[in-house]
Structure formats: structure tokens, C-alpha cells
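Features as listed in Swiss-Prot:
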- Asn134, Glu137, Asn163, Glu166, Glu195: Fe(2+) binding site (BINDING)
- Glu137, His162, Glu166: Zn(2+) binding site (BINDING)
- 8-28: transmembrane segment (TRANSMEM)
- 35-55: transmembrane segment (TRANSMEM)
- 70-90: transmembrane segment (TRANSMEM)
- 123-143: transmembrane segment (TRANSMEM)
- 152-172: transmembrane segment (TRANSMEM)
- 185-205: transmembrane segment (TRANSMEM)
- 209-229: transmembrane segment (TRANSMEM)
- 246-266: transmembrane segment (TRANSMEM)
Amino acid sequence: MSNYYAALALTLLAGISTGIGSLLALMVNHTNKKFLTFALGFSAGIMLYVSFVEIMPQSGQTLAEEMPKHAAGWITTAAFFGGMLFIWLIDQLVPNFENPHEMSMIGTMNTAPSEEARLHRMGIFTAAAIAIHNFPEGLAVFFSALSNPDLGVVIAATIALHNIPEGMAVAVPIYFATKSRMKAFSYSFLSGLAEPLGAIIGYALLKPFLSPLVFACVLGGVAGIMVYISLDELLPAAEEYGEHHIAISGLILGMGVMAVSLLMLA
């Protein structure tokens, strides 16, 4: 039970980082785009490396203890792509205009009165879109932490870093539309709470069926979710903010840091 609460706490911390993003957006006039580019690339490197080197092998190894090795390989692969399919389907629910991947509006808002209604709508829909996306991210953090608390800390920190610019994407249009810092912060903060909510709902649905076999399949799906987030959200957002080579440098360094961390935890 203590692992459950620790995993939930990590998921909550990852989720509320959207609020940190809103505070940063409201406190500073200009976003350091080079830093954001590097940070998003760094996050992608961590998530890609840990998915392929740690989570996928762990899923396959657990399944191999429950069934023939050949069948375990097929099921691990199916779970991985099933996780990708799951978050892709969620992605299709969000119109492109409100999709949180499209965050180029940060720092470029027009404050003309004629824009206020459009900006308000943009902020609300962006908050809703991020809330939808945070459900599977919450599952990824929660089940990673249940499997390995040390790994859960790394995943939670990575997701938290990823959530900061999403918090900015919610706060900026809401603030320019309403001139209310409290409203901008509230929408951003609440969108992040979908992350622990997704973890609680997912755990409640799966708890009656949890076994080493099911848990291994969930981990395979988590790896797929994390790879999708890296390739569909983090790297494109890093490119959107600016310099390609800075993003790639962050990606490589993220992989290196994750590799050293796993070796030290082994």
C-alpha cells in the first residue's frame, strides 16, 4: 500500500507542474526558447532510452516467466504498440487548433480586444486537450513507480518537465483574454490534475485483474505511450521552439544521463 501512495504522490507532482508552467509564463515577459528546446529534447532522450532499455525488457522478462519465450515476445510487442494506439486514439479526439502540441502561441499573443474571445476559447480548449492527454501520462508515471520506485521518480520528473510548457500554453491565452492571473493559473493547474485522476481510474479498473502477467502487459503499453509522447510531442515541440541542433544535443544528453542513472541503480 505504501508503494501505491508513493506512486500516486509522484503522479500528482508530475501533474501539478502545469501550474508551474503557468506561473513561469505569467512572471516573465519572454520565454527562453533555447532552454525550452534543450529541455524538451532532454526529456525525449530520457523517455526513449528508458522505454527501450528498461521498461520493454522488464515487460518481456516478466512475461517470459509466465509463458513460452516466443509468445512473451509477441505479447510484449503487442502491448507496446497497443499503448501507442491508445494515446493515438486520444490524440484524434483533440482538434489541431486546440492540440497542446501546437504551442507556438507562447510569447506571441495579440492583446487587441477583438482577439479576447478567441484567445479565451483557445485557452479553455487547450486546457481540456491537455487534461485528456494527461490521463495516459498519469498511467505511465503511476505504473512505472509501482514497478520500480527509482524509475518512477525519473519518469515523474521527465513528465513534469514536459508539462511545464503545456501549462504555459494554457495560461498565456487565458491571461491575455481575461487579464486575470488567477484564472490563467487555475485553468492550467486543473488541467494537470487529470494526471493523478487518470492514474486512480486506471488502477481502479485494472486492480481486480492485476497479476504479474497483466502488470507486464501494462508496462509494455506504458513504454509505447512514452515513446509516442517523445516522438509526437516532445521532439516536435522542441523543433517548434527553435534550433534543431540544440534539441538533438538535449536528446543525446538525456539518453546519456538515463544510461548512467540506470547503471548506478543496477
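From the backbone N, Cα and C atoms, a Cβ is placed for every residue, glycine too.
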Per residue, counting other C-beta atoms within 10 angstroms of the C-beta, which of the binding-site residues Glu137, Glu195 reaches the highest number?
Glu195
Euclidean distance between Cα atoms of His162 (Zn(2+) binding site) and Asn134 (Fe(2+) binding site), Å:
11
Does the transmembrane segment (35-55) come close to the transmembrane segment (246-266), meaning at least 3 CB pairs under 8 Å for residues 6 or more apart?
yes
Let me check one thing: do the transmembrane segment (209-229) and the transmembrane segment (35-55) come into contact, meaning three or more Cβ pairs under 8 Å with sequence separation of at least 6?
yes
For Asn163 (Fe(2+) binding site), what is the tally of other C-beta atoms lying within 10 angstroms of its C-beta?
28
Please report, as numbers and ranges, the same-chain residues at least 6 past the borders of the transmembrane segment (8-28) whose CB is under 8 Å from any CB of it.
106, 130, 134, 137-138, 141-142, 145, 152-153, 155-157, 159-161, 163-172, 175, 181, 184-185, 187-189, 191-196, 199-200
How many other Cβ atoms sit within 10 Å of the Cβ of Asn134 (Fe(2+) binding site)?
29
